[in-house]
Amino acid sequence: MAALESPLPGTPTAMRNAFGNVLSVLILVLIGVLAFSIRLFSVIKYESVIHEFDPYFNYRVTQFLSKNGIYEFWNWFDDRTWYPLGRVIGGTVYPGLTLTAGTIWWGLNSLNIPLSVETVCVFTAPVFSAFASWATYLLTKEVKGSGAGLAAAALLAMVPSYISRSVAGSYDNEAVAIFALIFTFYLYIKTLNTGSLFYATLNALAYFYMVCSWGGYTFIINLIPMHVLLCIVTGRYSPRLYIAYAPLVVLGTLLAALVPVVGFNAVLTSEHFASFLVFIIIHVVALVYYIKGILSPKMFKVAVTLVVSIGMVVCFIVVAILVALVASSPTGGWSGRSLSLLDPTYASKYIPIIASVSEHQPPTWPSYFMDINVLAFLVPAGIIACFSPLSDASSFVVLYIVMSVYFSGVMVRLMLVLAPAACIMSGIALSQAFDVFTGSIKYQLGASSNSTDDAEDNTSTNNAPKDDVSAGKTDKGEEIVKERSSKKGKKKEREPADKPSVKAKIKKKALVLPLEASIVALLLLIMLGAFYVIHCVWAAAEAYSAPSIVLTSQSRDGLHVFDDFRESYAWLSHNTDVDDKVASWWDYGYQTTAMANRTVIVDNNTWNNTHIATVGTAMSSPEKAAWEIFNSLDVKYVLVVFGGLIGYPSDDINKFLWMVRIGGGVFPHIKEADYLRDGQYRIDSEATPTMLNSLMYKLSYYRFVETDGKGYDRVRRTEIGKKHFKLTHFEEVFTSHHWMVRLYKLKPPRNRIRGKAKKLKSKTSSGLSSKSAKKNPWV
């Protein structure tokens, strides 16, 4: 039947299909160009630099990989971070991004294209955004056809949520992980539709690449088992479902265990237990279906009872083992981030270091409109379209959007996972809507032309001569008997052929809308798309393209560039010893190591809460106690970020309460209430003495009153409480041009002792001189 339905070569249908395929390829190429080019605003407006904080660590690791090779990379012990502990890089990093960029750099240099490692890192994310758009097309095409796929790919190429993590210079794990996520889902749906073991193997390999790239791979290994369980419960089990799932669990788990940062966690942590439980269930169901096919109904009932009994015993044993493993862990076998997703209040109660990260906070309603814009209104229509008709593939994308909406509501970072699902649903909705509206317009225009033709035919027949009519009557009279008998037979033959066409016409007419309504709706959809494009271009150009290391401000005098961070790191690099240790809050650890090449105490990896709490305690303590803590860590310089002069809100004073909370979680003498006045965080004259005497306050506001004579903080919009004070244990060595970064050096203990000795000596000498003056007879 399939061969009969396929159009013959050279026919209009075949030509139309060939033209459609060529046009689809051309559109996909343009979508890839759009996805790449819309992410280049940061390079055009600023320069080719790495953005944010985490990308600097990835850039540094890629530099090491390209210089020393993969074997040195796996065994690299980095003594520049987490002093004096250090860090084993090969076993604590997701290597997918680094290996991808390193391979691209090696391939280009092999072809005599001498690009620097930094250039490759800057443009990796825009390139993979094009790949992600094409993967979205493939996934949506498997669900609802090529029209929906093209629409979804175009939407993903521009969606602001994805742009925020894939602009040029955003060299983070999500740059390649979102492509891996979508491609893994596509191969799962492809295997589900075809039942091909080849695609199942590719699916396991794509999952392995996702595991290498990002810790968010646990979303895949939980979402797919949920879909398999949904299909089993709703009676949609098939051999294709088994082929799509079983190889993924077996091969995927084995491959995931090869990644050093995952290792045995692939089988020992609670995030993976759902996949193993569903793996057992699908085998029990497959066994039941197999037995049903080879046994009689009576024997089948007996066999089912036996299989279910054995299956329940096995499940009980497995559940008991899992419960024992979970009970042996203080967190129930879950990681802190996973627990914060299941219980949104968990991090704020027990792990403040996780809650202190801005991207781990729940999003606000405006952020949904900012990040997915009009897609939020199209998603419900896409969900409805997936239910008509409901298939295994469409049920998967519905489950995907539901779960991603929940997780994005818990953690703003996971808006990135929601973006592809929203684009897929919106693409399906737009495709269905355009099909209905354009079909209605075509039908209405065709019906109007047919009615005019029928009217012309009727007028011509009415004007026919009467003699011809009478002659026709006599001829017909002779053949009446023959025609009646033949018509009876023809009626019976035509009836079954006519009935389906009538039903099809009725069905078509149910989807036909009035011409005016279709045109208006089509114009509204085009306007909605134009509004979406304008918003996405604005978000790419203004909101998400500014690198955090270089800031700009627009005023009446023109554009002001604040390059204080690079200025400070350059000063550290040129004016300090290579082995000097720099203490700062963990946000700036990666940048300090990568740009200044100096050893830091803590960085953005945040793997050791006690070490971070030690730095937080030092910042929260009085100057003398802080000096003792830093001196015990062999710290030479302290870096503080301050925005009170220019109005930079992401400074250390605004982060200070998190330092207090994290420090107080390990060292009980640090209490948040001591830094608050009537429950309010203040730095003015009403601030508490503990706050005014803390090291963070002193290092931020030292000599600040000299800038305007009042000490007015533009971020907190108030005058500071303690304006005139001196530092006894620290000395200022560098303050950037706009006072954004301030560097202080710890005074050596012998200098301070000598200073005290000099004071004592001067006092004694002055006392002796006064006494001798009294005894001097010449005075």
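Glycine residues also receive a Cβ, built from the backbone N, Cα and C atoms like all the rest.
Going by Swiss-Prot, these are the annotated features:
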- D54, D172, E174: Mn(2+) binding site (BINDING)
- R413, Y590: dolichyl diphosphooligosaccharide binding site (BINDING)
- 448-464: compositional bias 'Polar residues' (COMPBIAS)
- 465-501: compositional bias 'Basic and acidic residues' (COMPBIAS)
- N597: N-linked glycosylation site (CARBOHYD)
- N604: N-linked glycosylation site (CARBOHYD)
- N608: N-linked glycosylation site (CARBOHYD)
- 356-359: motif 'SVSE motif' (MOTIF)
- 652-659: motif 'DK motif' (MOTIF)
- R165: site 'Important for catalytic activity' (SITE)
- 18-38: transmembrane segment (TRANSMEM)
- 125-143: transmembrane segment (TRANSMEM)
- 146-163: transmembrane segment (TRANSMEM)
- 197-211: transmembrane segment (TRANSMEM)
- 217-233: transmembrane segment (TRANSMEM)
- 239-264: transmembrane segment (TRANSMEM)
- 273-292: transmembrane segment (TRANSMEM)
- 306-326: transmembrane segment (TRANSMEM)
- 365-387: transmembrane segment (TRANSMEM)
- 394-410: transmembrane segment (TRANSMEM)
- 415-436: transmembrane segment (TRANSMEM)
- 519-539: transmembrane segment (TRANSMEM)
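Considering only the recorded positions D54, R165, D172, N604, R413 (dolichyl diphosphooligosaccharide binding site) has R165 as its nearest partner by CA-CA distance. Residues 96, 177, 180-181, 183-184, 187-188, 190-191, 217, 220-221, 243-244, 247-248, 250-252, 255-256, 258-259, 262 of the same chain, all 6+ positions outside the transmembrane segment (197-211), place their C-beta atoms under 8 angstroms from a C-beta of that stretch. Most buried of the binding-site residues D54, D172, E174, judged by other Cβ atoms within 10 Å, is E174. Each residue in E52, P55, N58, L97, R165, S170, Y171, N173, A175 lies on the same chain as D54, D172, E174 and has a C-beta within 8 Å of the C-beta centroid of that Mn(2+) site, without being one of the site residues.
Most Cβ pairs under 8 A with the transmembrane segment (394-410) among the ranges 125-143, 146-163, 239-264 are made by 125-143. When the recorded positions R165, R413 are scored by other C-beta atoms within 10 Å, R165 scores highest. The stretches the transmembrane segment (146-163) and the transmembrane segment (239-264) are not in mutual contact, being linked by fewer than three Cβ pairs under 8 Å (pairs 6 or more apart in sequence). Across the structure, N608 (N-linked glycosylation site) and E174 (Mn(2+) binding site) are spaced 23 Å apart at their Cα atoms. In this chain, the transmembrane segment (415-436) touches the transmembrane segment (125-143); three or more CB pairs sit within less than 8 A of each other, excluding pairs fewer than 6 residues apart. When Cβ atoms from all protein chains are considered, those within 10 Å of N597 (N-linked glycosylation site) total 14, not counting its own. Within the same chain, the residues at least 6 positions away from Y590 (dolichyl diphosphooligosaccharide binding site) whose Cβ sits under 8 Å from its Cβ are F53, D54, Y56, F57, R60, D603, N604, listed in sequence order. Ranking the glycosylation sites N604, N608 by how many other Cβ atoms lie within 10 angstroms of each Cβ puts N608 at the bottom.
Considering only the recorded positions R165, D172, E174, the residue whose Cα is spatially closest to the Cα of N597 (N-linked glycosylation site) is D172.
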